[in-house]
Amino acid sequence: MSGSQLWAAVLLLLVLQSAQGVYIKYHGFQVQLESVKKLNELEEKQMSDPQQQKSGLLPDVCYNPALPLDLQPVCASQEAASTFKALRTIATDECELCINVACTGC
């Protein structure tokens, strides 16, 4: 294999890896990291706009049509609020996502 073929193979692997995205698994739910980031944005907007806040059993974000599809099944859970909180915590912890090679268990 020549040097240019090796570089092409490495580049292809990097592109494929980044295209797959990062997934978070928690209590039977599997969601994309990008979806959790979108969840944070939606919740921040709802906190700043009292008209978007609902009083119900579900977290307010469950009523938002912009909620990513992979997060919508969480709203059917009785523990939706605590699940969203856990997902946000995991998404901000580099060791949970195995981004930092110094973390153990990755």
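Cβ coordinates come from backbone N, Cα and C, glycine included.
These figures come from a predicted structure and were not determined experimentally.
According to DSSP, Cys62 (disulfide bond) is assigned to a helical segment. All chains included, 18 other C-beta atoms sit within 10 angstroms of the C-beta of Cys62 (disulfide bond). Positions annotated as disulfide bond by Swiss-Prot: Cys62-Cys75 (among others).
Look at Swiss-Prot and you will find Cys95-Cys103 (among others) tagged as disulfide bond. Around Cys95 (disulfide bond), taking its Cβ as the centre, 13 other Cβ atoms fall within 10 Å, counting all chains.
Here Swiss-Prot flags Cys98-Cys106 (among others) as disulfide bond.
What Swiss-Prot records for 1-21 is signal peptide.
Across the structure, Cys95 (disulfide bond) and Cys75 (disulfide bond) place their CA atoms 27 angstrom apart. Taking Cβ-Cβ distances under 8 Å and a sequence separation of 6 or more, the neighbours of Cys75 (disulfide bond) in its chain are Leu58, Pro59, Cys62, Leu67.
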